[in-house]
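Quick look at what TrEMBL lists:
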TRANSMEM  6-24  transmembrane segment
TRANSMEM  45-63  transmembrane segment
TRANSMEM  69-91  transmembrane segment
TRANSMEM  98-118  transmembrane segment
TRANSMEM  138-156  transmembrane segment
TRANSMEM  163-182  transmembrane segment
TRANSMEM  202-222  transmembrane segment
TRANSMEM  234-254  transmembrane segment
TRANSMEM  260-283  transmembrane segment
Amino acid sequence: QTQLLGVLLAAASNFLISVSLNIQKCAHRRLVCQAEQKPYYMSKLWWCGITLLGLGEVGNFTAYGFTPIALVAPLGCVSVIGSAFISVFFLKKTMRTADILGGTLTVTGISLLVTFAPNVPQELTARQVQNYLVSWPFLVYSILEIIIFCILLYFYKRKAVKHIVILLMMVALLASLNVIAVKAVSSMIALSVKGKMQLTYSVFYIMIVLMATSCAFQIKFLNQAVHLYEATAVIPINFVFFTTSATISGVIFYQEFQSAALLSVVMFLFGCLLSFLGVFIIARNKKEEHLQIPFIDCGHIPGQKLTGKIQPDSHSSCCGTLNKEDDLVKRQS
């Protein structure tokens, strides 16, 4: 029952996140169409989206206290398929066959994930977290992760390689530490609320620092990936990398599949594969939206004959010229 509650909470939270992203996009659209341009943070609709985003993230945080990491992480695909279908009704987009096929595959994958997810006790005490931190599988995993991250960081900083795979692999490595810390903090808070105080242990505050630090650097590298590459490429690749790294960290740190049957492991991995495939199909060939650059109406300038409305050139600092100005350039040449 507790695990089912966590699954429902994670799915609902990711759906809220998809709703919030579409509301924010709609708010930006409305602001662009208004005659009097206002900052986006002055929009009530934008703040409504931000509020839903906050609720979704809090829900995800809480879900880690009830549910294995290996189950919560793949449920992030709910936000992808939710966004695809909400945009059809909310942003008046056209429903594609790829959206239906991808959504069907993803829902099938989710049902397999829920059915064959590891069933392990989710109440984690501070002493258990301390023991996991010094266990040899996690120490080996941490050393390997640090080495890989340093190699990627070397190419990123010294060689100025900004490839999407390098950026999103760094995000995924940080995410694996982040989900470990989030689950530990969420579980210890849940136990403290039940009366078993865990907040007096130093490991609780160590995990909070790890959670905040890894989250901050995740945002840094993810924002750069979104800035340099199309969101339709970033979203599916990031989802696959994040889910894979989070699942591996849950298996190694919290030993979530320690007593699972081979069939359960195989079917769980098959469910992950279907979810990955569904997200890629939804994102494939999805065109990026670019806001139209409006024409600039200069109005009437006494003594000047206008060429009409002038459209900015995105590849030049020049925003057009007047006829008289053109004649002057010709005479000088």
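Glycine is treated like the rest: Cβ placed from N, Cα and C.
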Cβ contacts under 8 Å made by the transmembrane segment (163-182) with residues that lie 6+ beyond its boundaries: 61, 64, 69, 72-73, 145, 148-149, 152-153, 155-156, 207-208, 210-211, 214-215, 217-218, 221-222, 224-225, 228-229, 233-234, 237-238, 241-242, 244-246, 248-250, 253-254
Chain residues in Cβ proximity to the transmembrane segment (234-254) (below 8 Å; excluding those fewer than six residues from its ends, i.e. six or more beyond): 68-70, 72-74, 76-77, 80, 120, 124, 132, 135, 137-138, 141, 164-165, 168-169, 171-173, 175-177, 179-180, 183, 222, 225-226, 272, 275-276, 279-280, 282-283
Cβ-Cβ under 8 Å with the transmembrane segment (138-156): same-chain residues at least 6 beyond its ends: 132, 162, 166-167, 169-170, 173-174, 176-177, 248-249, 252-253
Dominant neighbour of the transmembrane segment (260-283) in 45-63, 98-118, 202-222, by Cβ pairs under 8 Å: 98-118
Proximity of the transmembrane segment (98-118) to the transmembrane segment (69-91), 3+ C-beta pairs under 8 angstroms: yes
